[in-house]
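What TrEMBL lists as domain 'ABC transmembrane type-2' is 58-292. What TrEMBL records for 60-82, 89-108, 144-164, 171-196, 202-221, 233-255, 267-284 is transmembrane segment.
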């Protein structure tokens with residue numbers, strides 16, 4: 001493991017751990033330091049994944065059961081009782097949204113609590129504090145793989161029934177969507193993780209805000225319903241939600257009717273815009289995180 005910063009100075013001199021860095025130019029230095037601790041980051045990710053299922057009889061099978069139960073409940077309530085099942089292959093339609101949303105929620109909620117949850121390490125050992133939000137994001141990526149397995153199974157079944165298979169030319173859509181979710185979730189989570197050290201209400205606020213955000217995202221309903229119900233200007237405000245193009249990027253590739261729904265040719269520009277904005281937000285969040293991390297140990 002690389003030596004702490006305090007040990008990398010000339011003999012007889014003292015260095016300040018977590019010394020302030022230039023706000024505009026410090027991102028590269030922080031990124032290089034994280035890269036030096038990449039082996040530790042991998043260990044933290046493995047710990048996050050294994051602890052979740054420790055002492056569990058079914059172990060990793062729970063990760064498959066949860067999305068299946070979610071799919072069954074929403075399909076029954078929304079598709080059958082509320083008569084929304086007229087959408088072709090409704091189960092696959094809503095699961096594209098549920099999978100993406102679960103991935104984003106996992107990143108944001110776990111990352112927000114990542115510093116507070118590891119207070120013992122923060123107070124005793126020095127390494128880049130960014131490793132904590134990065135490790136929870138890595139664990140969320142592993143957990144998303146279970147959703148992806150179920151989603152691919154649904155795609156195969158829908159392809160057999162409909163004769164329509166995903167177009168390889170559109171595979172860039174879900175890839176861009178995944179990158180956007182990871183960067184956007186990490187950016188928000190890293191900022192909130194730093195603030196949560198000083199104000200613990202933040203983690204509870206995130207839990208509360210996720211519910212209305214869920215319903216303001218076209219996960220279990222089609223976006224055309226929103227377009228018909230809202231004035232044009234308010235609909236454009238609705239589309240500022242970066243999760244909207246991400247979900248339709250998945251539907252456009254995995255759902256048999258995806259090409260005929262959503263944004264059409266405008267999906268790529270919206271995804272690229274969302275990804276670009278998320279990258280800027282990640283830079284800003286990391287710089288704020290770096291400024292606030294100096295007092296983490298004292299506050300915890």
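Placed from the backbone N, Cα and C atoms, the Cβ positions cover glycine too.
With a cut-off of 8 Å between Cβ atoms, the residues of this chain six or more beyond the transmembrane segment (233-255) that come close are 89, 92-93, 96-97, 99-101, 104, 151, 154-155, 158, 166-167, 170-171, 173-174, 176-177, 180-181, 184, 213, 216-219, 223, 226-227, 261-263, 267, 270-271, 274, 277-278. When Cβ-Cβ distances under 8 Å to the transmembrane segment (202-221) are tallied for each of 89-108, 171-196, 267-284, the top count falls to 89-108.
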